[in-house]
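Asks: Quick one: this structure, given as structure tokens, is what I'll be asking you about.
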């Protein structure tokens, strides 16, 4: 039996389960908010073209519009200035093999529940490895915070001094890139960086360091509480947008029962 | 004195909503000068350039010397009520259900005797002031009111029919985030509005205005994002049947002309909010409001759109914003035509630069939120179509009327070059 046949029968029997890690594209879903003089991330919008009516009697369809970075989305290296010259840095150039691969989940939900500005540090990663083993090479690393369960204003958690949400320190990201050579890093928050990530050195370390090293980002993920710490496979294929710096996408994980 | 208007009873769900009816609309082209003056609340009649005779009714040649040089001029509205009567029947459907209707003749100090509608508090032989107001057909008509205010004067049924007064009406303000919204809310409440709905976009992004108004009595904050069709449709589904006045103050504004940024992102946002937002609101709320223009004390009566006066002529400092406002103004004119048959009024409020963050570098005079709110309330009470709020708006209007090309040349005055 080939491995693909085994996978198909596993899926059929329920031995392999698919977990959807994607938020619904909804016009009212928060997007990242930048100072207003900067260009802004477009919200998801949907306009009806026809709905079995005088505009098209037998069919219903919509025009949709959004940013590359709206909703659950993928960040390509070319998203950040540090990754602008990385080879194959845009979504249409990334080899398709990169879109399916191993994933590990570092559970920070307890810390994030107690501290909106909770930081993922190298010490937390070391503690996780002592329990679950070394993070495998070329794996996705997802930071679970249960932030995806927040609704409304609690999601961005915007205050007068900016948003407050958990994220990695520059040292943690450096460790994941330099010591573990990960494929990418993903979060449940609106970005791969902490809400206050602008105040690190370098600012927005996850974006700056990951993309500079040709690594990928995933954000606005959901249902990370349904994934095992290790052993799942992530399917995250962005739309093939010419020179695209990212893309909304359906993120799925395969887990074994 | 007039009897005070009682707050309307809750609607009887077994009764059919009364159909919109209108007084006669037909006018000669010459007579439309009266309508143009009424649209901004002025009392004007034709005056002969050659012999100085004030004309009434409007005509093509002077009634005294046959000169064709007749100019519309603002003249004194003071006069004396000569005679009056109450009309108790009419073959016109609009007047038929509103009888008795008071009419009379007024000797104007400026010369002519005019036939006009007469306020219930006017006494025969008494001093009156003539108001030139738009009726439900959107045409200028004259109403004699007592020279000195009487109590509850605005509640006279004939006077109320020539207004879009907020009193006892339910009002939707579309943008909680606009800095002028708290002032609008308090001015409309003070003018007797029974309920104010305030639309809030993106409640996931907190705004200080919410704390200022959400606790007020008679005020409800509801989700509304004019750039999101589904959001507009949802709110219209909920409150479209009890929106009597819609005040669209939703605005997206960024400084700069075409070359300032080199992309279309902000221009698109401006069109999405200022132009398409208006269109979405009109498509969702317009038809329902049009069916309710004859629905008693709290009938649907007016659509208010706040616009930059640079809708008339572009100022390149805010070039793309001006363009979106020009588009919105044009759409308001279309809506006037489309709403006309129902009697729903469209009031365009032209303002100059205000106290918004984005106009911070613009020198004064600026329009305060309070002044804008006051202009909107007074415009509604007078049933106006065009309101010019603030010194800048009034000056631009005058220069635009004098010579649009001269104004354009002045507004586009070059710098020293690159």
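Quick reminder: no glycine exception, Cβ is built from N, Cα and C everywhere.
TrEMBL lists these features:
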- A:69, A:73, A:75, A:219: Mn(2+) binding site (BINDING)
Asks: Drop a 10 Å sphere on every Cβ of the binding-site residues A:69, A:73 and tell me which sphere holds the fewest other Cβ atoms.
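Replies: Each of the binding-site residues A:69, A:73 was scored by Cβ atoms within 10 Å; lowest is A:69.
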Asks: Determine, for the Mn(2+) site, the additional residues of the same chain whose CB lies within 8 Å of the mean position of the CB atoms of A:69, A:73, A:75, A:219; present them in sequence order.
Replies: A:68, A:74, A:79, A:191, A:192, A:217, A:218, A:220, A:246
Asks: With DSSP assignments reduced to helix, strand and coil, which class does residue A:75 (Mn(2+) binding site) get?
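Replies: DSSP assigns residue A:75 (Mn(2+) binding site) to strand.
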Asks: Please list, in sequence order, the residues in the chain of residue A:219 (Mn(2+) binding site) that are at least six apart in sequence and whose C-beta is under 8 Å away from its C-beta.
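Replies: Residues satisfying the criterion: A:72, A:73, A:75, A:186, A:187, A:188, A:189, A:190, A:191, A:192.
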Asks: According to DSSP, which of helix, strand or coil covers residue A:69 (Mn(2+) binding site)?
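Replies: Coil, per DSSP.
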Asks: For residue A:75 (Mn(2+) binding site), what is the tally of other C-beta atoms lying within 10 angstroms of its C-beta?
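Replies: If we count other Cβ atoms within 10 Å of residue A:75 (Mn(2+) binding site), we arrive at 29.
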